[in-house]
Amino acid sequence: MNKPTHNAGAPLWAALADHKSTLLSVGCFTALINLLMLVPSIYMLQVYDRVLSSQNETTLWMLTLMVVGFFVFIGALEAIRSFIVIRVGNQLEQGFNLHVYRAAFERNLRQGDGQAGQALNDLTQVRQFVTGPALFAFFDAPWFPIYLAVIFLFNVWLGVMACAGALLLIALAVLNERLTHKPLVEASGFQQQSTHLASSQLHNAESIQAMGMLGALRQRWFALHSRFLNLQNQASDTSAVITAVSKSLRLCLQSLVLGLGALLVIEGQMTPGMMIAGSILMGRVLSPIDQLIAVWKQWSGAHMAYQRLDGLLRAFPEPPAPMALPAPSGRVSFEQVSAGPPGKRVATLQQISFNLGAGEVLGVLGTSGSGKSTLAKVLVGVWPTLAGTVRLDGADLHRWDREALGPHIGYLPQNIELLRGSIAENIARFAELDGLKVVEAARQAGVHELILRLPQGYDTRLGEDGGDLSGGQKQRIALARALYGGPSLIVLDEPNSNLDTSGEAALATAIAQMKAQGRTVVLVTHRSAALAQADKLLVLSEGRMQAFGPAHEVMQALSRAQEQAQRQPANAAVATGGGA
């Protein structure tokens, strides 16, 4: 079987083209199977027209042995055909699942749609269609004209009836597509929305339970899910009616063709063997079309999944591997950077420019909503820029190979998310475990003793979002993860938001150690007391840079501004009193 040679980021159709020789072999097997399906009709023709008239048992035995052998051969061909498409489907999924995973992950980062899992489900749905029996209905359907031609050879009127029956079933198939396509598309959209809503609600189960929000949220989910069910039922009901009509029509036509055949035999226009063989061939003409109607819902689902996957891979193709760059020292520069949340065109950070030398500690101050977290996410490449450039050691941040750059970046987000696995695996970022580095990072984060007190120490298994750990414990373990491996650039977003006094002290010690080791640290906070180690300060207000410079100068300027702001109301009060 051919190995995929396609560009990993190419649409799925290009990947299928890589298997064209394999699919061609499936087509050849299908052709042979459908030609051999003439055997039952030929057998009945010979039995009725030759064996019964001659009363020759030897001929009957020979014909029967031959037809049994042909059926065994047909079964073997169908098994081989199934094995081939199963392996093609598995190769497609194995060849694409990593690329779909990457593209879905990138879309989630860039657009924030939160539906990364849908793409993997779509890939599975396409594979199941390719490897399932529904695909063979499409392979077998083009061969019904051969059976129709043989019926015409028996008798023109028999052929006309078979042709009329085929046209009626084709019309039903087209009607089925017309009536079910729109509700199926709409149902798919509502299903994605309801699944995403349920997932987000379950993710916040504690808050929902504590504040009694379950009833209202359940109603909101049920409203979406009900619309999905109604549309799905509408399409299913329509398809069920058309499927029932097509099945009844097929059975009726097979009976009618016997009646017409009997009439033609009575009139001497054909033999009894032709009548029976014509009835069997009529079934072979109508069966593929009937199967198409039955599997149309599966086809529609797989087709929509294919279109979503193809659009995803077109929108987020596999990026070319960038040239390898030396390990960064930690020099950072922002050049007129504007940025905002993924999928939005609203900038929460506007025209920010500053330079930070390697080994310096930058404190970022500002009120809530001033753009501090946006700056942190842009700095580590989580959010894209809307304008401007972020540079690390002079190179555009997005020109770096993320896999190569990752070990040199430490990031502690505001919303802590530990992943399912052991504490050691989380600290080691799920890479190859280095026990010495794990312990070193934990010691530097001041969490080593805390971990040792847990029942299984570093081997303690964590569930979703850190399991039973407190907010402060999760934050300190996440800090150890950020420090693992000695990264040259460390970005800490509100690292003390969940810490107690001992945690604050451990954080201050860790920042002092990082500074002594020459690492660049960006500390985002709204507490000025946490900035004792800062070399420079950046003050943000409503997404714009209000001040930037050496820490002592910026702090003095802020103090003067605060004193001036406090004097203004007092002066106004004195002036008012004097006027009275």
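For all residues, glycine too, the Cβ spot is worked out from N, Cα and C.
The model shown is predicted, which means the values in this text are computed figures rather than measured ones.
Among the ranges 317-338, 449-470, 559-580, the one that TrEMBL lists as region 'Disordered' is 559-580. Among the stretches 23-48, 60-84, 256-282, the one making the largest number of Cβ pairs under 8 Å with the transmembrane segment (146-175) is 256-282. If one looks beyond the transmembrane segment (256-282) by at least 6 residues along the same chain, the residues whose Cβ comes under 8 Å of a Cβ in the stretch are 38, 40-42, 44-50, 147, 150-151, 154-155, 157-158, 161-162, 165.
With DSSP states grouped into helix (H, G, I), strand (E, B) and coil, the compositional bias 'Polar residues' (559-569) comes out at 11 helix, 0 strand, 0 coil.
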